[in-house]
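The next block holds one structure in the form of structure tokens; read it before the comments.
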Amino acid sequence: MESSKSGEPQNLPMFTKKSSITNTAMTKKGVYVAISYMACAVLLVIFNKAALSSYKFPCANVITLFQMLSSSLILYALRRWRIISFTVQDSHPVVTRTTDLVPLKAILRCTPVALSYLLYMLVSMESIRGISVPMYTTLRRTTVFFTMVAEYFLAGKKYSSYVVTCVGIIILGAFLAGARDLSYDFYSYTIVFISNITTALYLACISRIGESSGLNSFGLMWCNGIICTPILLIWTAYRGDLEATRNFPYLYTHGFQAVIFLSCALAFLLNYSVFLNTTINSALTQTVCGNLKDLFTVGFGWLVFRGLPFDLLNIVGQCLSFLGSCLYAYCKLKGI
């Protein structure tokens, strides 16, 4: 996060409900944030896929728990050392109790954001297990449609006909790319589409509730952690995932530990960049950035994990969807 001349973190822009068409041009800072998000997202998918598929780790929820715990610990340490703040008006006072970090009223207000985040994390982690990385990224592109619908109903946002056309091209490309593969695994594909819906809901909640809470990106991440971590800990213990993790044969191998460590670090950076990208740009921009980074994810995933033959229709669909993402980025940069 950029700092002002006084050394304090720059306040995040406040969201106000809009009924007019959104056509604000992307700023230079917004471009940097979007690129940072895409880099983190590509690497996180690769490391999560490595843990779940290459090492065959059976407990996706435990990885999510590790990510939440590490994120909360990092935030707590940075706040106690007065390196970051959690609220927009915070002047970095010294805190001695965890309850003093964020006002209780703000925590309660952010509960819908936190719960939608938990649902989004759990479903997203499960969705990548039974499907190849190229097809995962292809089907995830349909998130743009769900995001537009969620933003319209929850935040009152509308987009120009140019943006709607770009989104239509993205979705058409996604369906073409997956047309020959749709009969392979009904369960996995269903989970991916559910993941798309939960992603859209989460991003819309950030736009609608997050910024009006008086918290900055770090504060929102902290609320997500302290609300969701106890819930997920109880859930994983009840399901027996913690016991299964303790008995996992590769738990103490350096390779698996490195994968989990990098996954947790990237999850923290990714979550922060999601908040920044959604607040500085928009929820739809965040979603389309996810489509832009898919080109690199597909390439890395195919080289590392294989699993999907690229026929002509798949290549055409991938290129068409990527073209739609590029056109959307152009519209945002030009303010169309």
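From the backbone N, Cα and C atoms, a Cβ is placed for every residue, glycine too.
What TrEMBL says about a protein is an automatic prediction, not a curated fact.
TrEMBL lists 30-47 (among others) with the feature transmembrane segment.
Residues or ranges marked as domain 'Sugar phosphate transporter' by TrEMBL: 30-328. Computed over the domain 'Sugar phosphate transporter' (30-328), the whole-number mean pLDDT of the model equals 79.
For 59-78 (among others), the entry in TrEMBL reads transmembrane segment.
Remote same-chain partners of the transmembrane segment (161-179), defined as residues 6 or more beyond its termini with a Cβ less than 8 Å from a stretch Cβ, comprise 135, 138-139, 141-142, 144-145, 148, 284, 288, 291, 313-314, 316-325, 327-328, 331-332, 336. Feature annotation from TrEMBL assigns transmembrane segment to 161-179 (among others).
Annotation source TrEMBL lists transmembrane segment at 186-209 (among others).
The transmembrane segment feature in TrEMBL is assigned to 215-238 (among others).
Same-chain residues lying 6+ beyond the ends of the transmembrane segment (250-270) with a Cβ under 8 Å from its Cβ atoms: 36-37, 40-41, 43-44, 47-48, 50-51, 55, 57, 63, 66-67, 70-71, 74, 221. The transmembrane segment feature in TrEMBL is assigned to 250-270 (among others).
Distant neighbours of the transmembrane segment (59-78): 48, 51-52, 84, 86, 98, 101, 121-122, 125-126, 129, 218, 221-222, 224-226, 228-229, 232-233, 235-236, 239, 241-242, 244-245, 248, 260, 263-265, 267-268, 271; these residues of the same chain sit at least 6 beyond its ends, with a Cβ under 8 Å from one of its Cβ atoms.
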